[in-house]
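Here is the structure we will look at, set down as structure tokens.
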């Protein structure tokens, strides 16, 4: 239980603590705990000074025991700090500052420490060669809760992702002139030039060389499979769009930028999850509907994904989507690759069109949310994500 009082509430109000999630010390040495309140959603979690947590000795003892064990057996998992703190929610009293006030600088220092730790964990897990940094100069939002960083598709219930192509090419130098390279054997155009830049129109299927091919990493037909090459920042946007992603270096037009990964789920499961996402005004569902008549799978990056999870929508995006096949050649299970559709300057936010207005064939995010205001700021903004 916890006693909470404010200047506007004379009698202390008592609420039950469900769990202690985080611990930090402010600049004056005061001890603070990030708590989950029983009967309230996670977005109403708050930071509380230790003196507020009366009657919670067993919970605190258990928390510190688990914290000690976690430090001894660190496995690279992400830390979970979220929300502005200090304001509980409509069902609890709101206050401008806690009973024992913590300075804005101290609170920001705690959040920045959590973000630094999260960035370390992201780079520990991420297999891409380019680093990820995390920036928040806008508010007190910490790392997102209930999000697991992954590097490739993971299979949901009832889904099996094959990873064994039937054959590889024998080319000594893969190119459009080779008649039996992987793209030509699949009946499509060779997608890249010698600089590994995309040279086919959006909507064109891309078949890269696979693990059975004789060519190596320098092959011009190995691009998406080699991962992200540009350092990027996950940053807090200043106009209420939450987290976003920006590049830290210049990116040339037609180059591969990142892959969109998540949990591959069945259509039926996607319908169920879609209703939950719709209620929250956002979806991370991406239908793998490359074949009009056969779309049994959807990618859900809501709880498991990579840096693309944080890429925002724009009605005038600088990224475009392609379907790519490498070791899995099931036509129903393309990989989702994001390429630059123009030159992008260092510091510029990376975006793609959640609707994509038919420009990339049939691959499309399953955005069914109604009356969600678009804040992309583009001159051709459609106004809503519908």
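Keep in mind that glycine also has a Cβ here, set from the backbone N, Cα and C atoms.
The domain 'Chromo' annotation in TrEMBL covers 15-75. Residues annotated as domain 'Pre-SET' in TrEMBL: 167-227. Marked as Zn(2+) 2 binding site by TrEMBL: 169, 182, 209, 213. Summarising the annotation, TrEMBL assigns Zn(2+) 1 binding site to 169, 171, 174, 181. The annotation Zn(2+) 3 binding site is assigned in TrEMBL to 174, 209, 215, 219. Annotated domain 'SET' per TrEMBL: 230-355, in sequence order. The Zn(2+) 4 binding site feature in TrEMBL is assigned to 315, 374, 376, 381. Among the features that TrEMBL reports, domain 'Post-SET' is placed at 370-386.
Residue counts for the domain 'SET' (230-355) by DSSP state, with H, G and I taken as helix and E and B as strand, are 18 helix, 50 strand, 58 coil. The binding-site residues near residue 169 (Zn(2+) 2 binding site), taking a 10 angstroms Cα-Cα threshold over the set 219, 315, 374, 376, 381, amount to none. Cα spacing between residue 174 (Zn(2+) 1 binding site) and residue 219 (Zn(2+) 3 binding site): 6 Å, rounded to the nearest whole number. Across the domain 'Chromo' (15-75), DSSP classifies residues as 22 helix, 21 strand, 18 coil. Recorded residues residue 219 (Zn(2+) 3 binding site) and residue 209 (Zn(2+) 2 binding site) have their alpha carbons 8 Å apart, per Cα-Cα distance. Nearest in space to residue 381 (Zn(2+) 4 binding site), taking C-alpha to C-alpha distance over the binding-site residues 181, 209, 213, is 209.
Highlighted in sequence order, 168, 171, 174, 181, 208, 210, 212, 214, 215, 219, 221 have their Cβ within 8 Å of the centre of the Cβ atoms of 169, 182, 209, 213, the residues recorded for Zn(2+) 2, and are not part of that set. Here the C-alpha separation of residue 213 (Zn(2+) 2 binding site) and residue 376 (Zn(2+) 4 binding site) works out to 42 Å. Apart from 315, 374, 376, 381, the residues listed for Zn(2+) 4, the same chain places the Cβ atoms of 313, 314, 316, 375, 377, 378, 380, 382, 383 within 8 Å of the centroid of those Cβ atoms. When the neighbouring Cβ atoms lying within 10 Å are counted for each of the binding-site residues (182, 209, 215, 219, 315), the highest count belongs to 182. Across the residues of the domain 'Pre-SET' (167-227), the predicted structure has a mean pLDDT of 95. Taking CA atoms as the reference points, residue 181 (Zn(2+) 1 binding site) and residue 209 (Zn(2+) 2 binding site) are 8 Å apart.
Cβ-based neighbour count (10 Å, all protein chains) for residue 381 (Zn(2+) 4 binding site) stands at 14.
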